[in-house]
């Protein structure tokens with residue numbers, strides 16, 4: 001029996017829920033899918049347990065790529081990332097493995113913005129999310145309009161502080177849990193129900209405010225590998241988000257590891273357990289590769305058009321060093337510093353070999369001070385595929401301390 005085919009009849013957008021623990025991110029994800037099913041836009045809804053159990057399975061290593069929930073609105077097809085309890089959540093946000101085109105920031109009206117709210121907002125800005133919609137959840141628990149007004153003002157101030165325009169960013173109040181409860185109580189479809197209509201308002205706002213990104217369809221195919229698994233009798237599947245180009249069934253591709261590569265071909269393409277004849281830039285897909293064993297593949301490897309990439313271990317980059325207020329270091333670092341470099345889906349140790357002015361390579365520097373915009377020569381512990389203009393993050397001790405862009409490749 002052939003697998004159901006994925007129908008590409010609406011623009012595809014990657015979105016995610018971010019915010020403090022227990023503010024209702026997973027409940028909201030469930031409510032969105034349930035309301036859209038009620039409207040007849042999407043076939044499947046997900047319960048809280050559906051979404052939460054996939055996180056537990058992921059922790060135990062049973063399933064792959066379960067952080068994505070699929071749904072359709074009137075206008076779009078969405079891949080929705082909901083993994084607040086996932087061990088790699090922060091890491092994945094940073095490296096862009098679950099790169100989002102936009103986000104829904106969930107804040108409980110019982111608590112207002114909390115430490116993790118700020119952490120996720122800062123991360124969203126750091127990984128290049130330009131627009132988000134705020135959902136002020138648990139409105140049913142707060143009957144004081146002054147408290148709601150105060151939290152809205154506090155949220156606007158926080159948005160401005162971290163580079164999101166509060167005059168443009170939509171703030172929507174509602175209760176994800178009440179919407180789910182009301183759907184269960186309904187004897188007939190009522191989209192005007194107070195709590196259900198608020199979730200519909202959120203979905204419509206996401207449709208209109210979060211812009212559809214430009215996809216790099218004309219560049220050579222490239223997909224950083226987020227995960228892989230072996231299907232008995234079929235072979236190895238690699239999962240990830242296609243960064244550039246298009247891949248079709250039976251295309252020849254090259255699997256790039258550390259300083260070595262292997263030619264293979266694509267014998268299966270899937271998105272959300274549905275077959276595809278081709279995957280496109282922006283799609284979260286699984287690719288079944290011919291003749292590849294699981295041991296050939298690691299997270300951070302890249303699958304791409306043959307002979308389109310080269311290996312490098314040393315490069316020049318322009319760095320911005322975050323200040324302590326931006327979540328970075330309080331102290332400067334010097335030549336010989338060895339942090340982690342998060343490049344695509346890979347995190348790898350590297351060493352700062354040289355620090356110098358962005359305007360004059362001969363103007364060498366002894367220290368990189370938080371707040372500096374400087375150039376550096378960086379040597380990685382292994383050779384990997386790199387390109388000019390590739391962006392990366394620099395991490396140390398569980399926090400981001402800088403961002404960079406490759407300006408030249410050395411060796």
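From the backbone N, Cα and C atoms, a Cβ is placed for every residue, glycine too.
Listed ranges 61-65, 66-70, 71-75; the one Swiss-Prot annotates as region 'G2' is 61-65. Of all ranges given (82-85, 86-89, 90-93), Swiss-Prot attaches the label region 'G3' to 82-85. Same-chain residues lying 6+ beyond the ends of the region 'G4' (137-140) with a Cβ under 8 Å from its Cβ atoms: 23-24, 27-28, 106-110, 148, 173-178, 195, 198.
Within the same chain, residues at least six positions away from residue 22 (GTP binding site) with a Cβ under 8 Å of its Cβ are 108.
For residue 139 (GTP binding site), other Cβ atoms within 10 Å of its Cβ number 21. Taking the Cβ of residue 25 (GTP binding site) as centre and 10 Å as the limit, one finds 26 other Cβ atoms among all the protein chains shown.
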